[in-house]
């Protein structure tokens with residue numbers, strides 16, 4: 001209990017000297033007891049955006065048959081409905097940084113929620129393909145903005161020792177949203193499922209009245225007094241925020257001397273490293289085959305004679321559990337280790353699937369094929385969830401300096417959605433070219449991801465955003 005006696009709280013300014021570690025631990029603990037409920041509440045409100053994101057993704061899978069039948073859609077019309085979501089998300093991604101810089105992080109969350117609500121209502125009342133596609137485009141747009149602003153908002157309000165775990169909750173809630181959609185889709189009709197998908201937005205819109213804006217954003221637009229009020233709310237009445245406040249402001253002053261970045265400025269030498277890391281991790285996350293595998297997993301299971309619903313539900317449940325585990329480990333083990341373990345597991349999963357398809361094509365050991373496929377896909381989804389699922393979003397929200405965060409973040413998120421679209425669009429074509437060849441190709445891409453992570457991605461746990469950015473953008 002010796003932390004209780006010490007009057008001055010050990011603030012961030014000491015965090016460079018690690019021999020203060022013991023004292024710092026106690027200081028942090030005491031600060032936690034007093035104050036962090038507002039950080040938790042704010043995170044709780046924001047991650048409903050991630051849950052909404054999950055329900056948007058999960059919606060098309062259980063509803064495909066019913067919608068096609070009731071509205072009499074051709075296969076081409078339905079695939080537009082499926083993929084227009086990603087188009088909306090790409091547009092959302094491009095504008096998300098601008099919106100979040102212009103009307104604030106909370107403003108951007110409200111905007112997203114409004115688009116999602118409009119979209120779901122349009123789907124609920126849809127009489128034909130047009131209203132359906134409009135709704136899907138609008139929910140996609142909202143989802144694209146959420147995918148940027150939720151992790152950024154959480155990273156900007158969190159104390160450094162909790163930042164990874166709280167930001168990783170984003171991914172846990174996405175996985176839960178997908179799972180909820182699958183489950184509810186088995187009970188509810190597709191129109192009612194659209195109304196169910198409104199609920200996360202409602203919770204968020206109410207919750208936003210109770211939480212402060214991101215202090216870093218307030219400081220960035222020069223609202224000095226509001227900045228201190230917000231930081232005080234987030235750290236508690238008793239906490240000493242002077243160290244943290246000073247660090248944020250000193251850092252902003254160095255940034256203010258630099259110009260507000262345009263997209264082309266991102267490729268200046270000064271920013272190139274952080275942009276390469278942030279965007280590169282998104283490439284690793286999406287070009288290694290995940291969107292294709294998730295989109296088509298029921299077809300994959302069916303093609304090797306394994307019951308599809310058991311496979312997909314096992315995958316969705318596994319994703320929630322292991323993403324939760326990564327949230328627990330991310331601030332302890334660190335970002336790099338989890339990413340490296342994750343990418344290595346993806347290579348393994350791809351090779352298992354490749355083996356299964358190879359055996360099937362050459363009609364060897366046919367009894368073993370379904371087991372190979374199930375193991376391969378579950379290994380893939382499991383290892384994806386433990387690292388590459390959540391961490392690229394976390395690192396993206398940590399690594400960009402505030403003056404390029406809008407444009408660099410938009411580029412990274414756009415790359416993510418572009419990757420989703422390319423991978424899910426090409427998956428069927430690749431599989432008809434060569435099923436095991438496809439998975440060998442994905443294994444190679446994931447192998448390259450290991451190299452990329454090992455060489456370029458720094459460890460960011462336990463450091464303030466300002467320290468991370470100063471170290472990278474030297």
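A Cβ is built for glycine as well, from the same backbone N, Cα and C atoms used for every other residue.
Matching 14-35, 190-211 against TrEMBL, the residues noted as transmembrane segment span 190-211. When TrEMBL is compared with the stretches 164-184, 227-247, the one noted as transmembrane segment is 164-184. With Cβ pairs under 8 Å as the measure, the transmembrane segment (107-126) is packed most heavily against 37-60, out of 37-60, 164-184, 439-457. Outside the transmembrane segment (439-457) by six or more residues, the chain places 273, 276-277, 280-281, 284, 287-289, 335-336, 339-340, 343-344, 346-347, 350-351, 353-354, 357, 376, 388, 395, 430 with a CB less than 8 A from a CB of the stretch. Pairs of Cβ atoms less than 8 Å apart link the transmembrane segment (271-290) most often to 408-427, out of 37-60, 310-330, 371-396, 408-427. Between the transmembrane segment (164-184) and the stretches 37-60, 190-211, 310-330, 337-359, 371-396, the greatest number of Cβ pairs separated by less than 8 Å involves 37-60. Listed stretches 37-60, 337-359, 408-427 were compared with the transmembrane segment (310-330); the greatest number of C-beta pairs under 8 angstroms is found for 337-359. The stretch in 80-100, 138-157, 190-211, 371-396, 408-427 that contributes the largest number of Cβ pairs under 8 Å to the transmembrane segment (37-60) is 190-211.
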